[in-house]
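These notes are about the structure you will find just below.
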Amino acid sequence: MPASRQYDGYGSSGSGSTRMTGEDKHKIRGYNEVLDKPTSTGNNNGNSKPSKLSGSSARYPGMKSSECKPQQLTAIGNRLLDWFSVIMADSKKRRQHQQQKNKVHFPAACKLEARWMFGHLDLNNDGELSTQELYDLEHDQNERCIKPFIDTCDLDQDNTIDPREWCRCFEKTDRPCAAVRRRLGNDLSGSYAPDCDSQGFYKPTQCHQAVGVCWCVDEHGVEFANTRTRGKPNCEEIINNATTLNSDDEDTEDSDDDDDSQEGSADRLLVF
């Protein structure tokens, strides 16, 4: 069952930065943590940047066996997709994301948050993600498998990622609730299994049927504090009240920052 946690938005500082701390990242993972603690990857003094990956794997053909395992890449892809949706929603609420100057064409089946993040990272609006544009994302000290995952996206190994490659990379990723359901499979044996909507996000009301307890969560599975109860709480009302409160807080921040207007965080390099 989930621990009681209050979901925190990102970029709440006056500067509008989307800085992502290690603690913040753990908050949005919810039940999407599908890995055991990673094992040592051998000798690496960190003085050289890893080269593009080569080797063989059924699902990730560009990955060496000494790097992250396929199940680890699957998990990091799921977490990235979840994180993209959090940043997308936060930036839209803060009205910080500007439309791209050049129209980028994505495959029809490309996930919305993957499309948005491509534009978020494509700082020069050339329709490709360069090594420089991906550097901060790839070199996250808390997530060693991000770079191996992103490297598998570069299918033609030309050190840039186009929209087709980017979308294909996230084609088989799952949104947070669906990721947990896939991990659990059919062997529930009386344990808690999250209730997902049609998009793979968490439904507002979650229940552990075996113990008769329910609680309220956001779409990423983060529980609203003090909502756990016997029977079903009115989660729609709780979430609406929380949304209204957050909106009022953001309006106050916006009015305080009017005299010091800066570029939106979506228009600057991500800092993790």
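All residue numbers here begin at 1 and follow the chain in the order shown.
Backbone N, Cα and C atoms are what each Cβ position is placed from, and that goes for glycine too.
The feature compositional bias 'Polar residues' is assigned by TrEMBL to 38-57.
TrEMBL lists 174-235 with the feature domain 'Thyroglobulin type-1'. Across all of the domain 'Thyroglobulin type-1' (174-235), the predicted model scores a mean pLDDT of 92.
For the recorded site, Cys177 (disulfide bond), the DSSP three-state label reads helix. TrEMBL lists Cys177-Cys196 (among others) with the feature disulfide bond.
DSSP classifies Cys207 (disulfide bond) as strand under the three-state reduction. Positions annotated as disulfide bond by TrEMBL: Cys207-Cys214 (among others).
As annotated by TrEMBL, compositional bias 'Acidic residues' applies to 247-262.
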Next item on the list: Mind giving me a neighbour count for Cys207 (disulfide bond)? Other Cβ atoms within 10 Å of its Cβ, every protein chain shown.
Entry: 18
Note to self: Can you tell me the CA-to-CA distance separating Cys214 (disulfide bond) and Cys196 (disulfide bond), as a whole number of Å?
What the structure shows: 15
Next item on the list: Provide, as an integer number of angstrom, the distance between the C-alpha atoms of Cys196 (disulfide bond) and Cys207 (disulfide bond).
Entry: 12
Notebook entry, point to check: Taking the Cβ of Cys214 (disulfide bond) as the centre, how many other Cβ atoms fall within a 10 Å radius?
Noted result: 19
